[in-house]
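As recorded in TrEMBL, the features of this protein are as follows:
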DOMAIN    2-118  domain 'PLAT'
BINDING   Gly17, Asp79, Asp80  Ca(2+) 1 binding site
BINDING   Asp39  Ca(2+) 2 binding site
SITE      Trp103  site 'Essential for stabilizing binding to COTL1'
DOMAIN    118-674  domain 'Lipoxygenase'
BINDING   His368, His373, His551  Fe cation binding site
Amino acid sequence: MPSYTVTIATGSQWFAGTDDYIYITLVGTERCSERTLLDKPLYNDFERGAVDSYLVRVDENLGELVLVKLEKRKYWVQDDWYCSYISVKTPSGDNVDFPCYRWLVDDKEVVLRDGRAHLPQDDTISQVKQHRKNELEMRQKTYRWTEWQPGFPMSIDAGRHQELPRDIQFDSEKGVDFVLNYSKAIENLFVNHFMHMFQTSWSDFADFEKIFLRIKNTISEYVMQHWKEDFMFGYQFLNGCNPVVIQKLTKLPDKFPVTNEMVAVSLERHLTLEEEVKAGNIYMVDYEVLDGIRPNCTDPCTLQYLAAPICLLYKNTRNKILPIAIQLAQTPGKDNPIFLPTDSQYDWLLAKIWVRSADFQHHQTVTHLLRTHLISEMFAIAMFRHLPAVHPVFKLLIPHVRFTIAINTKAREQLICECGIFDKANATGGGGHMQLVRKATEALTFRSLCFPDMIKSRRMDSKQEVPTYFYRDDGYKVWEATKSFVSDVVAIYYTSNEKVQGDEEIQAFVKDVRTFGMQDSDTCDFPKALKSREELIEYLTVIVFTASAQHAAVNFGQYDWCSWIPNAPSTMRKPPPKQKGLADVNLIIDSLPDRGRSSWHLGAVWALSQYQENELYLGMYPDEYFIEKPVKAAMEKFRKSLEEISSAIKTRNQGKKLPYYNMSPDKIPNSVAV
């Protein structure tokens, strides 16, 4: 009597084991095996991290083994079980691997394909074609789109983390509880006693050190010491938390009427302002998207304010980027003066603080929330809805959407919801952040997610012109390494452009992102279809890069750059000045966040900057969704490329007072999970 040896690995997650009844059915091209009981309750099989083997006897050979059916039946109470993989040794001695990496919950059956990746047009066996169809029909019922807020990219239809499909939930919800984590951070930073003085102003700048003494690092301490200096202000637009707004000017905008006379003292090359513009030495940051956003009014005892400033920057003869003019509102006029380095010390400092506060709002809501979290979730939902587990693109993308839907769902529960944590300390809380995401979504384009295009569109692509733009330089390297890896994988399965065009699942995936995720926006330029391998490679590179490198670049430096409150105020308690000569140290202190909001802010940037326990970094793929040797070779090549990039970045950073490591692959998690 022929027999098959079945080896099953249980995951190492907490509560991954089970004491329920486990059944298996083997499906071949000729026939199926009998439904076989593998484990009974209290047998102590399928414990967490265990690997167990069983014999399944059959009357006749099943033919080519194509599917495995797993069933879990309740013994006493429901006992979720996480299966990592199944390996079957056939009577002829061949091994067939069935990646699973899924939870079995309730009494539902899970059906697995063998580990080889297949495009839909390449499947010819009726059983697997039907399985493919059934899997997608079930997924589309499980992963549903919803509009959480008007004008947002569409998100998952789940109100709470516990309502998500078990396979995309966090292993432990407690570890990503924002309220708990922020409260812990505030306690660990020894700032909880300031919460009792919530609306009390600090006494002076040195007073802010009282919430800064617990945890310092190389960058945060350097920021504290140099935050008032113009070089530090300008440097952050290149390598701080929000290195995506600076642009080189080709013409001064009419709404910012800076004259040569105003800034001549700041220009070092004996050129006029217009000549400096033509020479490529004038840059700008413009927070127009903040114009008209309603400031936080959730606390009637504390008025809060927003501004939409414009800042002119100058590249001096030592290639440093320095501010030379600041306008705090978009419309020029008598009550909207242009602040200059030649103004009084406190006028100029207050103007720079307003720019830094605007940059903080833009970073948190547009650069971080919208352009990494929400966009990555949109790609993830469409992937689950249209790409079955056997599809090579599903196998490629699944590590890069790990926990993304879960972290965003928790954020909608606790962080950015009405009366959430965001409302406690941020000037855009209380609904302003909703307005801001809506405006930024209207302007979001697919091309702006392509890293080289985004850099070039701001005319920041020349290393010779701006040699210290490390975000750009490291980003280029990681983008190219990622694109090369994606290209290698695509080439294995798509031998021609016609293969891409004929893949109905990949076309449905791309269309779903555009039609539902972006709600078929006329301006977003997201493709509705892909016609070539090059288009597919770029599309997938955008997904992987956004979820990994881009998110890391704008997330994990938050404590470095934002923990010194005056350098990144989360809110301002006095309106932007409408005339010069009024600012003094008292006005600035009264404008900055009070003690309570400072404490919430510090707890937030600390918690958001922490890596997950057992983090998986770019290029780490412990779950073997792919079993093909050419793909594993491509992964190894990718890892080596990333190691070389990390090594080069480490060498460059040696001896630097401000090392830049946010784009170092050994510090880039695979996915948006925090």
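Going from the start of the chain as shown, residues are counted 1 onward.
Each residue, glycine too, has its Cβ placed from N, Cα and C.
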Exercise. Taking the mean position of the Cβ atoms of His368, His373, His551 as the Fe cation site, which residues outside that list, in the same chain, have a Cβ no more than 8 Å away, listed in sequence order?
Worked result: Thr367, Leu369, Arg371, Thr372, Ser376, Gln550, Val554, Asn555, Val672
Exercise. Near Asp39 (Ca(2+) 2 binding site), which recorded positions out of Trp103, His368, His373 have their CA within 10 Å?
Worked result: none
For this session: Could you round the CA separation between His551 (Fe cation binding site) and Trp103 (site 'Essential for stabilizing binding to COTL1') to a whole angstrom and send it over?
Result: 28
Seminar exercise, completed: Same-chain, non-site residues whose Cβ lies within 8 A of the Gly17, Asp79, Asp80 Cβ center for Ca(2+) 1 are Phe15, Ala16, Thr18, Asp19, Asp20, Phe46, Trp81, Tyr82
Seminar exercise, completed: In chain order, residues whose C-beta lies under 8 angstroms from the C-beta of Trp103 (site 'Essential for stabilizing binding to COTL1'), counting only those at least six residues away in the same chain, are Asp80, Trp81, Tyr82, Arg166, Asp167
Seminar exercise, completed: For Asp79 (Ca(2+) 1 binding site) and His373 (Fe cation binding site), the CA-to-CA distance in whole Å is 32
Exercise. What is the separation, in Å, between the Cα atoms of Gly17 (Ca(2+) 1 binding site) and His373 (Fe cation binding site)?
Worked result: 32
Problem set entry | Secondary structure content, the domain 'PLAT' (2-118) (per DSSP, counts of residues) | 0 helix, 61 strand, 56 coil
Exercise. Under 8 Å Cβ-Cβ from His368 (Fe cation binding site), six or more apart in the same chain: what's there?
Worked result: His551, Val554, Asn555
Exercise. Can you count the other CB atoms that lie within 10 A of the CB of Asp79 (Ca(2+) 1 binding site)?
Worked result: 17
